[in-house]
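Per Swiss-Prot, the features are:
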type: BINDING; residues: His83, Glu85, His151, Asp170; note: Fe cation 1 binding site
type: BINDING; residues: Asp87, His88, Asp170, His233; note: Fe cation 2 binding site
type: BINDING; residues: 265-270, 317-320, 351-356; note: FMN binding site
type: DOMAIN; residues: 259-399; note: domain 'Flavodoxin-like'
Amino acid sequence: MKAAAKRISDGVYWTGVLDWDLRNYHGYTLQGTTYNAYLVCGDEGVALIDNSYPGTFDELMARVEDALQQVGMERVDYIIQNHVEKDHSGVLVELHRRFPEAPIYCTEVAVKGLLKHYPSLREAEFMTVKTGDVLDLGGKTLTFLETPLLHWPDSMFTLLDEDGILFSNDAFGQHLCCPQRLDREIPEYILMDAARKFYANLITPLSKLVLKKFDEVKELGLLERIQMIAPSHGQIWTDPMKIIEAYTGWATGMVDERVTVIYDTMHGSTRKMAHAIAEGAMSEGVDVRVYCLHEDDRSEIVKDILESGAIALGAPTIYDEPYPSVGDLLMYLRGLKFNRTLTRKALVFGSMGGNGGATGTMKELLAEAGFDVACEEEVYYVPTGDELDACFEAGRKLAAEIRR
């Protein structure tokens, strides 16, 4: 097949893959994504940084060959593997077959992971690197920075010193698929919305590590050298401080005066309560978002929770437990550990027909997920006017607590 590489700097090319059709990736909904790979061409050698998802070798290789032709080079001399996960290593075996003399540069932890995924690479030459190690391509110098648990134990960044390009793998990424490659080539609100969703669903539990790594980058004197950030998904950041500042804000719990109301319902009673709570919150002048789990996707909901000062979570009781869709969200929130950014206020609510129990379980699980549950509203069957007034007041009080 034919596919064009995209020049992003002198001797540096995007050679990734466009996945137009992807709609769900380990529970995360999206409208396609990219698997970004980059070819760095020096006077004495060529390095390929990361690769792509299994089954996409032909597209990736077509772009690599196009870039090689543009610079008058014949082969890839070095393979850089910033991260083991298959959306960035999925064609590594084919690359090794095509360029058998090219050593694979990665962290020591990554070697173990790659061999577990791809046993046929046992005969490949691996070069393990640590923070500060360099690879000289002749006029192009790659410096490696270990970033364990950002977001896997094997992860690392690669910095192209001369151009100030940070190849950050998953960090600073977005799940977007479009012909444009640079941040400034698409509307900013689309870019930042995708970056926020990516952070909320993938980086939130790592927030303290994000801040720690930023401090390390500053101490090493690398921050002022970064002129561009090239992640492994989505757009390339030509204004790197925009996303660095956004990550700092998200990691430190900078939130809006917003209440996000999330619920599911069987016969409409919990919906009535949700709407009353939303009205109460709005009466305090804060922003309000309302999601029904029967209709809305959890990865979109989590994106709004990231910038919300409080949430209200509602479910009817079924078999003495919360409605299943709400239980699913609770387990997801417990894993995301939002309290590592900020302990957000919360209230729980719902209707029941027997002994109840859903609100108590939700309160307990939200506390485990790092939320401060300030209120609990439960009604028998259909809420009365007085009970809806109580929901309104609960929403108003919740909003008042987060007003600055």
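Just so it is clear, glycine is given a Cβ too, placed from its N, Cα and C backbone atoms.
Feature map: annotations from Swiss-Prot on the structure.
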| residue | record | Cβ contacts under 8 Å, 6 or more apart |
| --- | --- | --- |
| His83 | Fe cation 1 binding site | Asp50, Ser89, Ala110, Trp152, Asp154, Ser155, Met156, Asn169, Asp170, Ser232 |
| Glu85 | Fe cation 1 binding site | Trp152, Asp170 |
| Asp87 | Fe cation 2 binding site | Tyr25, Tyr35, Ser52, Tyr53, Ser232, His233 |
| His88 | Fe cation 2 binding site | Tyr35, Asp50, Asn51, Ser52, Gln81, Asn82, Asn169, Asp170, Ser232 |
| Thr265 | FMN binding site | Arg271, Ala274, Cys292, His294, Gly314, Pro316, Tyr323 |
| His267 | FMN binding site | Pro316 |
| Ser269 | FMN binding site | Pro316, Ser351, Val379, Tyr381, Val382, Pro383 |
| Thr317 | FMN binding site | Tyr323, Gly350, Ser351, Met352, Gly353, Gly354, Asn355, Gly356, Gly357, Ala358, Thr359 |
| Tyr319 | FMN binding site | none |
Checklist entry - Got a sec? Which of these binding-site residues, His151, Asp170, Ser351, Gly353, Asn355, has the most Cβ atoms within 10 Å? => result Ser351
Next on the checklist: Please compute the mean pLDDT of the model over the domain 'Flavodoxin-like' (259-399).
Outcome noted: 97
Checklist outcome for this item: Residues sitting within 8 A of the centre of the His83, Glu85, His151, Asp170 CB atoms (Fe cation 1 site), not counting those, run Asn82, Val84, His88, Leu150, Trp152, Ser155, Asn169, Ser232
Item to check | Residues within 8 Å of the Asp87, His88, Asp170, His233 Cβ centre (excluding the Fe cation 2 site residues themselves) | outcome: Tyr35, Asn36, Asp50, His83, Glu85, Asn169, Gly173, Pro231, Ser232
Next on the checklist: At a 10 Å cut-off from the C-beta of His233 (Fe cation 2 binding site), count the other C-beta atoms across all protein chains.
Outcome noted: 25
